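Chemist: Handing you a structure now.
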Amino acid sequence: MLDPSSSEEESDEILEEESGKEVLGSAASGARLSPSRTNEGSAGSAGMGGSGAGAGVGAGGGGGSGASSGGGAGGLQPSSRAGGGRPSSPSPSVVSEKEKEELERLQKEEEERKKRLQLYVFVMRCIAYPFNAKQPTDMARRPRKISKQQLQTVKDRFQAFLNGETQIVADEAFMNAVQSYYEVFLKSDRVARMVQSGGCSANDSREVFKKHIEKRVRSLPEIDGLSKETVLSSWMAKFDAIYRGEEDPRKQQARMTASAASELILSKEQLYEMFQNILGIKKFEHQLLYNACQLDNPDEQAAQIRRELDGRLQMADQIARERKFPKFVSKEMENMYIEELKSSVNLLMANLESMPVSKGGEFKLQKLKRSHNASIIDMGEESENQLSKSDVLLSFSLEVVIMEVQGLKSLAPNRIVYCTMEVEGGEKLQTDQAEASKPTWGTQGDFSTTHALPAVKVKLFTESTGVLALEDKELGRVILHPTPNSPKQSEWHKMTVSKNCPDQDLKIKLAVRMDKPQNMKHSGYLWTIGKNVWKRWKKRFFVLVQVSQYTFAMCSYREKKAEPQELLQLDGYTVDYTDPQPGLEGGRAFFNAVKEGDTVIFASDDEQDRILWVQAMYRATGQSHKPVPPTQVQKLKPRAETCLSMDAPISQFYADRAQKHGMDEFISSNPCNFDHASLFEMVQRLTLDHRLNDSYSCLGWFSPGQVFVLDEYCARNGVRGCHRHLCYLRDLLERAENGAMIDPTLLHYSFAFCASHVHGNRPDGIGTVTVEEKERFEEIKERLRVLLENQITHFRYCFPFGRPEGALKATLSLLERVLMKDIVTPVPQEEVKTVIRKCLEQAALVNYSRLSEYAKIEENVGRLITPAKKLEDTIRLAELVIEVLQQNEEHHAEAFAWWSDLMVEHAETFLSLFAVDMDAALEVQPPDTWDSFPLFQLLNDFLRTDYNLCNGKFHKHLQDLFAPLVVRYVDLMESSIAQSIHRGFERESWEPVNNGSGTSEDLFWKLDALQTFIRDLHWPEEEFGKHLEQRLKLMASDMIESCVKRTRIAFEVKLQKTSRSTDFRVPQSICTMFNVMVDAKAQSTKLCSMEMGQEHQYHSKIDELIEETVKEMITLLVAKFVTILEGVLAKLSRYDEGTLFSSFLSFTVKAASKYVDVPKPGMDVADAYVTFVRHSQDVLRDKVNEEMYIERLFDQWYNSSMNVICTWLTDRMDLQLHIYQLKTLIRMVKKTYRDFRLQGVLDSTLNSKTYETIRNRLTVEERTASVSEGGGLQGISMKDSDEEDEEDD
């Protein structure tokens, strides 16, 4: 805002130059304005009262003369162009038509400009002197909205983070969360639309991310010493760092603080500037209006309000007299309407009366308090409330500053002098002491007095040098009678010199400043005469005193008196200029105050003083007639003369300047003559446009400053509350219908107010309802219903990701309110449910249509679509469908909590639309292909975890669709596995593969994969799922049984083909077959057991089969080992006593030993057997995976071996063992015993009775042999010894 006291002449010169240029330009073009020049005239100098040849087109409406002088048809004819050139258009009629349209357009623009200027005058007055409203401090702060450019910047920052281009350290979980947020939220077209609608703020982005990560963090595993809340806080801090980028957080915080402050309280200058922008007012126009309206003068503004309120009361009386009422819904409301008008004015009067009588500079908008308890003023009783003299006591502050004294010539230079000062009846003050050679002080004394004409005494003293002197000597004195209008600067005054002072020309320089009390509006000397007071024509000192906002008094004072001598209460008087009265001498400029039965004549000494007095009294009387001076001495002159002659006050100067520029009509217009309903409608609409285009995400909410101005305008100009809210609703609806984000809570407030008013509930105390209000309300109610239903239908796009927070819930609440027939009876829930159901059914179609369209855009329609591609697209579409349903649950379910069953229906409808595309894709798939199972798994995994959708309509359809496929798949898999078993065992090499053979591994893998696949389907229908499980368990049992039997047969065949001598080595295949049994037993536990307690039959059956088979295999292998042992014993049987071989062998050895050293029978047989046993033990121990089976095998093998040896010895009980037999057996038995003990066979098994029998027999035979054989057994003995152990090793 420009300073009102700034120089006006410069802007005036600029305006005059522009005006001159325009006129010249018009003349040069043959009195025809070009469109561009016309625009300049309209924008820059419109309203200046142009009188040039063509000024009427551009600015004729502004000054009142342009339209008549320049608006004639001659100036617009094509033939009037300068130079007589060929016309640019071949058709003059076409040209004239265009120019006519241009003229009409310019006239409309001019009318609009005038309307805005007039509206700005009313708004300025509301800002300058508010007495009804204040800027609210409890409104929620609106966050700054995100622009398209800022959204792109945020996207780039997150993309840079994901690309690793930032310094922010993050783990994989956070990276995944940000990636998901970036893809789902930031890149969403719904977010772009929200930004475009002006409803997206940084807080929205942050809250969506916070909600997005909460589930992720909750699902993370617990970490010791690290709480989930800590992780959340850390992630949010990193998010903020990414979102902020490289920007200094301190700058951002400072900017946010500043913006928040501007959202709260605005100064007057800021409010002026805001509404200049809203109404398109230029700075110089504001300056002219500001000065001419005297907006910095609270007295003038209060007087303007009083005049307006008086005019509104008169208008109410006129309406009552002429019966020009608005059309009400009831005839009885007409009288009530008049009462309401008067009551509203009385309330405003009470508010005005409660305002403090203060200066404009001390007035603060935010300190304004509205008085609701002030008594209502009854204008009819004002004359009875007479003032007493004590009611108008004034208090003045005086400053007396003594500067210096001149004329002290007789005093010695070093004599001390000083001054005293006093106000009559008050205390006395003294200056510092000074030497007579330099009597200067600059001392100020402050006094207060209740005298309107106080006497200020200043005395000059010098210190007495005499010994007997009791008092200092007075040199001189001066007595002054200051008034608030006296000069404030220091002046020289001649002092009255004391008798004994030789210096007769003493002067003192001092200043006396008398401040004007806040309730003193003007003062000065006037000549006056009246009928009831001031009955003699005499010059008196007058003070215009404001007792309250509605009570003023003209008081005359004498010197040294606190109370007025006489006073005149100005209620009901009208002041005006008059001509000089004959017979009254004294006074030059006359004016009077007239009231029925009384006239008071005043006269001042000059014209300027008269104008000031009339202006002050005009404000005080509250009269509607504005006095106009008969002659205006002050005229606008060139700058050089302006400063030299100022006979009129500055307010008249500004008024003249405003008149010159065509502004006087806006300033002097009577507000009561305007249709403030339409004017307010305009200013509210323009304010809303301005608000929606500022940098805040306001959602339609006005700023506190805007609310304040609109509130004040409505109160001051009598705009009905219902009209205000109906206009607001209409404007908000228009914006919402055009895509702007509007807070439904705001709509709810205004709608509830209007509904309450229309149904007679008097929300603002107004009981009258006009037909227009009711009709408009019904129209807006229908529009609002359509809008709300449309928003609910498009809830994913109108409230993306649940933003703004709570908006969808508020929309549903508002819809319920709109559906109410009145404000008392709640609408039946079924009716609301029907409406919402219809909306959500349409929403399903809208959401799926947009989703499928989005999917097709991604899939590049136009390519040849194969069944596989169609299935792939359907799976992608299913992922998007699930994502939509999850977002609905996450962001919108809370709003629909009261209608959760309808949201379930919405989801089912949405899925049914998808089912059509899904069925079509599955129909074209070739038979016996299983690529569609991932689609089932994807959908079923989502549906089965949703309480509302599990086993719902679509879920059952999905099961019905895939159940035959699953059955067919299991059948084919069973056949395939059976064939693989048959073929596999035919070609089985029994080479070890993992835990078994190739065939068994393949079998178990297929069975496990099949069961895992079916289990991962998580079939939701319990009975069919149980059937599938039983089917697969039975299949596994049958397959494993077949595997076990085939292995048992192969085992036996393999053993039959192996050697029966000690050369036998346990082949790898034998161990593999054992391992197949081991693996079969382990797999059967997993593959054949049912979870239910009564369903263990499959598992127990196959378990028993495996155990029996393993026993048989162990028995067969032990039998093989026994056969080999029997072969060894058969060789030893040759040495039985009495046999031919034994006799021949003994004879041959004895005969040969006489000639050569014949070697005795060695231990080859025993060593071969021991080697066989050890090798077989090692192979079995190393290759067979089941320890229990090894132990059982070794136990049985040991026992069987001992039994065979024992039987063999028992058969030779009557025979003495040959020395060779004895040595071989001792070695075999001892080594077998030790080897089996090393393999872990228990001592209880090793030291069996059979073993003891064998040991005893061999011990006895050993003793016998040692007696009969001279050489003994050559160190072989049943006794244990270390040497033997070393030898064996």
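Cβ coordinates are placed from backbone N, Cα and C, and glycine is handled just like the others.
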Chemist: If Swiss-Prot marks one of SER69, SER96, SER147, SER1061 as phosphoserine, which residue does it mark?
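Modeler: That would be SER96, per the phosphoserine annotation in Swiss-Prot.
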Chemist: Write down the residue from SER89, SER486 that Swiss-Prot flags as phosphoserine.
Modeler: SER89
Chemist: Swiss-Prot annotation phosphoserine: which of SER259, SER645, SER813 has it?
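Modeler: Cross-referencing SER259, SER645, SER813 with Swiss-Prot, phosphoserine lands on SER259.
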Chemist: So how many of the residues in the domain 'PH' (519-622) end up helix, strand or coil by DSSP?
Modeler: 15 helix, 52 strand, 37 coil
Chemist: Ten-angstrom check, please: count other Cβ atoms within 10 Å of the Cβ of SER96 (phosphoserine), all chains counted.
Modeler: 16
